[in-house]
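One structure is given below, encoded as C-alpha cells.
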C-alpha cells in the first residue's frame, strides 16, 4: 500500500501558501509596517508616505531598484519548472547523466544574453520586451508577439500545473483540484498585490527550500544504500554514467553536439528574449547588476543541474533490482521523485508537505 499524506503535510502546504501571500502583503505595505515598528520601538513619530495605488514602474519593475541577491535567485528559479524538476531526476534514473552537457550551452547562452541582448533592452528603459518590437517593427508586430506570448504562457502554465498535480495525485492520493486551485489563486494574489518585489523574494525562498530538499533526499538515500562508494558502484554497474558521445548523427537520442547546440538555443530563448526574464533584468538598479545576475547563473544553474541529476542517480541506486514502474508501484517514471519523497519521509512530519509546496510553486514561475 502506498503511503499517503499526513494531516501535518497538508498543514505545511497551507502554511506555505499563506507565507507566499504574506510576502505579497508585506511588499505592498512595507512603508506602513516599518513606520509602525519605528514608532513602537524608537518612540519616533514617523509618518510614512503610503502609495495607495502602484504605478507601472513599481508593480512591474520595483522602481528599477532591486538588488543582486533576489534577482539572481529569481532568474534561476524562473528557469526551473515543476515539469523540468520532475523530468530531470527521471531522465537520470532512466538514461544517465548525459544532460550535464547542457552546461556547455549555458556557457555560450548566458554571456550572449548579458552582453548582446541585455544592453539593448536596458539602454531603451523598456517596461517589456514587446515594446522593443513596436519601436523596431511597428505595432502590428508587437501585438502579434504579445498574443503569441500570452497563448504560450497560458498553455505552459496549464501544463506546468497539471503535470505535477497528476504525478502527486497518483502517488499520494492528493486531489488534483486542491493543488491546482490553491496554488494558482495564491500565486495570482501575491503577484498582483506585491508586484515584482514579492515575486523575486518568493522565488528566492522557494529556491533555497528546493535545493535543500534535493540535497536532503540525496543524503538520506546515500546513507540507506550503504554510503557513497556503494551508491556509485551501483550506478556504474547500471551504466548510468556514460562518456560523452561525439557522434554527429542527429538521430541519436543525445550527443554532445545536440545538447550543446540545443541547450544554447533553449537557454538563449528564455534568458535572452523571454518577457518573464527581461522583466527581472529591467528591475535591477543598473546594467552592471543585471549582467551579474545573468552571469552568476552559469555556475549556479550548472550546480543545480548536477544536483538534480545526481539525485536521479541516487534514486536509481535505491531502487536497483526493484524498479517501481516494472513492479507496478507507480505508472510512469515522471512519478519517481514524488514516490521517493513519499517513501523516504513516511512517518516524518512536515517534510513531505514542504517539498510538495515548493514543487507546485515551481509550476507558476
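If you go along the chain as it appears here, the first residue is 1 and each next one adds 1.
Each residue, glycine too, has its Cβ placed from N, Cα and C.
Looking at 174-193, 234-253, the range tied to transmembrane segment in TrEMBL is 174-193. For the transmembrane segment (254-273), the neighbouring stretch richest in Cβ pairs under 8 Å, chosen from 66-87, 143-162, 174-193, 200-223, is 66-87.
Most Cβ pairs under 8 Å to the transmembrane segment (200-223), among the stretches 6-26, 66-87, 99-122, 174-193, belong to 66-87. Among the recorded stretches 6-26, 99-122, 143-162, 174-193, the one sharing the largest number of Cβ pairs closer than 8 Å with the transmembrane segment (66-87) is 143-162. Only pairs six or more apart in sequence are counted, and the transmembrane segment (143-162) with the transmembrane segment (99-122) gives fewer than three Cβ pairs under 8 Å, not enough to call it a contact.
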